[in-house]
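Student: The following block contains the structure, expressed as structure tokens.
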Amino acid sequence: MEDSEPERKRARADEATAGGSRSEDEDEDDEDYVPYVPLRQRRQLLLQKLLQRRRKGATEEEQQDSGSEPRGDEDDIPLGPQSNVSLLDQHQHLKEKAEARKESAKEKQLKEEEKILESVAEGRALMSVKEMAKGITYDDPIKTSWTPPRYVLSMSEERHERVRKKYHILVEGDGIPPPIKSFKEMKFPAAILRGLKKKGILHPTPIQIQGIPTILSGRDMIGIAFTGSGKTLVFTLPVIMFCLEQEKRLPFSKREGPYGLIICPSRELARQTHGILEYYCRLLQEDSSPLLRCALCIGGMSVKEQMETIRHGVHMMVATPGRLMDLLQKKMVSLDICRYLALDEADRMIDMGFEGDIRTIFSYFKGQRQTLLFSATMPKKIQNFAKSALVKPVTINVGRAGAASLDVIQEVEYVKEEAKMVYLLECLQKTPPPVLIFAEKKADVDAIHEYLLLKGVEAVAIHGGKDQEERTKAIEAFREGKKDVLVATDVASKGLDFPAIQHVINYDMPEEIENYVHRIGRTGRSGNTGIATTFINKACDESVLMDLKALLLEAKQKVPPVLQVLHCGDESMLDIGGERGCAFCGGLGHRITDCPKLEAMQTKQVSNIGRKDYLAHSSMDF
């Protein structure tokens, strides 16, 4: 018994030691233990890691594209004092980094704008369907018999550049003809020189100094100059000379012609241009030159009268797109021998929906023609598109395209909607008559006209809703001084010339800044000074007011307090890529990315989806 007791104690001791060693092993196992993670959870974790890696890679690529180094730990400089780096150096380093980021933002903006311009650019060239279908292209401009005087040709290119710099003439193109500073040196006949003198035109304006020699040389041209700078003479005098040359070589027979064609966007402008051509043709005839016939083809007039001139053979024709297309389709007019085409206020015609009509008119030409485009406002988008119709064109720009005339004093006043009519009478007292009043809506024109008549003011009104006879009588009465005030919509703002006007009143702000430039350009013409008063209020679109503010600053005019408070964010972003403002509409207060005109056009296009009639023009519906 005594022997078994120690054995039992030993066994307990062994169990105790064994238990102790087991607990130590268990502790070690606890330390090495990895908890079990379900398969789904493991997959989610792996996916998260992959996404993080991909994001990191993408941000590095973006930073490389923008030209900045990938941000690492060394970029995260703690703000505050650092060892071996002065606060000035630290400030300079941070400033450089901020400028680098700003530059990348500008580059990004430019890329975005290029994409937008490409998307809105017209895919088809401004050519006839026949020319595009047959792949007809012309490499060389039309040859003419005119050459500059020998001594002008012998002058150096440096001298020509000095003349252009003196008159602020910007030219683009190859083989540009030299600028000529007098009408006599341009080889015009004595009768035309006398006619110019009678009108008080003694020296050519900057656009005429470079433009007339360019056209007489037979070159295609885009002419951009501020309102009242004499653009009409640039394309009317050369066409008279070309037609006179053709008539002397071989007289025009019955139903032949025209040789020269001028297209205008409005009837009033066409009538005015026709009057200028008639004046110089009459002077040439009095000076024993052959009779040159000029036809006026506009809507609202009897076709019979127009055909009477055409039947005898016509040298020149001034027309509006609608009536000209009608006569061409009815085969009453032929453009077989036409070699000279001028589009006055070209950007408005292309922009205002006449583009299809212009293409159709182009398809009636049988050979190469000399094409000229003129306007006071021509955004980059229109210039690029128009160049597709020209052969080695010369672009002549006097001042910025769309800039206001510096001879006009611009006054902008905040007037409540209900107070406009009463304040209008006060504004009429600023200058002696004649005065021109513009309004956007036809109803406003009629209301202003009626109010002025009730107050005893001698006023006339024109807008698209009135018939042609009434419009013509109103303009003639105003031009002759029988009436003191002309109230009109924008139909009278394009190209019309009323020499004595000292004051233009904008009853409302137009929806596009281009129309504002054309409106105020009716005064301050031919070197005279004029005043333009514009009423603005809360109803005006802010983007147009921003453009107006920029236009006033550019012309060094007084900016009213109501416009001074307007800000468009980062002003430096308005002037990037070597061009200020919007490339689509020409406004200075915004870029193409924020253009309200482009936005309105895109909205209209979207709303027209599904409504378009896909039947061809004049086709039968079977």
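Keep in mind that glycine also has a Cβ here, set from the backbone N, Cα and C atoms.
Pulled these from Swiss-Prot:
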COMPBIAS  1-15  compositional bias 'Basic and acidic residues'
MOD_RES   Lys9  N6-acetyllysine
COMPBIAS  24-33  compositional bias 'Acidic residues'
MOTIF     181-209  motif 'Q motif'
DOMAIN    212-396  domain 'Helicase ATP-binding'
BINDING   Ala225, Phe226, Thr227, Gly228, Ser229, Gly230, Lys231, Thr232  ATP binding site
MOTIF     344-347  motif 'DEAD box'
DOMAIN    407-567  domain 'Helicase C-terminal'
Student: For a quick check of understanding: among the binding-site residues Gly228, Gly230, which residue's Cβ has the most other Cβ atoms within 10 Å?
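Tutor: That would be Gly228, with the most Cβ atoms nearby.
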Student: Could you check the binding-site residues Thr227, Thr232 and say which one's CB has the most other CB atoms within 10 Å?
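Tutor: Of the binding-site residues Thr227, Thr232, the most buried by Cβ count within 10 Å is Thr227.
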Student: Would you list the other residues of this chain near ATP - those whose C-beta lies within 8 angstroms of the C-beta centroid of Ala225, Phe226, Thr227, Gly228, Ser229, Gly230, Lys231, Thr232 - in sequence order?
Tutor: Thr205, Ile207, Ala376, Gly521, Arg525
Student: DSSP three-state call for Lys231 (ATP binding site): helix, strand or coil?
Tutor: helix
Student: What counts of helix, strand and coil residues does DSSP assign across the motif 'Q motif' (181-209)?
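Tutor: Grouping H, G, I as helix and E, B as strand yields 13 helix, 0 strand, 16 coil.
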Student: Other than its own, how many Cβ atoms are within 10 Å of the Cβ belonging to Lys231 (ATP binding site)?
Tutor: 24
Student: Is it possible to list how many residues within the motif 'DEAD box' (344-347) are helical, extended or coil according to DSSP?
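Tutor: Summed over the motif 'DEAD box' (344-347), the classes give 2 helix, 1 strand, 1 coil.
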Student: Determine the mean pLDDT over the domain 'Helicase C-terminal' (407-567), rounding to the nearest whole number.
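Tutor: When the pLDDT values over the domain 'Helicase C-terminal' (407-567) are averaged, the result is 89.
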